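Per TrEMBL, ATP binding site is recorded for Gly80, Gln81, Thr82, Gly83, Ser84, Gly85, Lys86, Thr87. The domain 'Kinesin motor' annotation in TrEMBL covers 1-171.
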Amino acid sequence: MKKRPIKIRPQLAREKIEGCHICTYVMPGEPQVILGKDKAFTYDFVFDMDSQQETIYGTCTEKLIEGCFEGYNATVFAYGQTGSGKTYTMGTGFDVNIADEELGIIPRAVHHLFKGIEERRRTAQEQGRPVPEFKINAQFLEVHTHFPASLFFFFFFFKNLFFCCCQNLTQ
């Protein structure tokens, strides 16, 4: 099921200092964005500048992750021009000091997956059923200037990067 959400990011500090004007307007109660005076674009969901990361995750991704527990595959795809807020929304900025409410889609999805696995295993054990096994395969890709790159293999950004298999969220 394909959905087309859009998020309008807030102005950056630099943009405010330079006196840049906001050129988008979100129609209240409508999934529309007005650009300038005469252009309107309709989407499945519209998130304005004040939208919280948790709301975006809950609306766009939570059901996809729940579907994974039923055996479905899920893909979340963010696109837009440089500086449009993809890294922030997806949560791939690798900022270790980020507040929980600022976490993006990827860290929320990973937490959701491992928490869901723990809950399903615990429930099965409590009910005397066989404990289910889960296998998670994930890829995080970024395409920049027509070159795809795995966010797992950015060795030039992370010194001493290593990979390990995880059985739960705390590993």
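A Cβ is built for glycine as well, from the same backbone N, Cα and C atoms used for every other residue.
Just so you know, TrEMBL annotations are computer predictions that nobody has curated.
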Which residues of the same chain, at least 6 positions away in sequence, have a Cβ lying under 8 Å from the Cβ of Lys86 (ATP binding site)?
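For Lys86 (ATP binding site), the qualifying residues are Ala78, Tyr79, Gly80.
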Can you list, in sequence order, the residues of the same chain other than Gly80, Gln81, Thr82, Gly83, Ser84, Gly85, Lys86, Thr87 whose CB lies within 8 Å of the CB centroid of the ATP site?
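Near the ATP site, the remaining chain residues are Arg9.
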Quick one: give me the count of other CB atoms within 10 A of the CB of Ser84 (ATP binding site).
15
So which of the binding-site residues is most packed in, judged by how many other Cβ atoms lie within 10 Å of its Cβ, out of Gln81, Thr87?
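In terms of Cβ crowding, the pick is Thr87.
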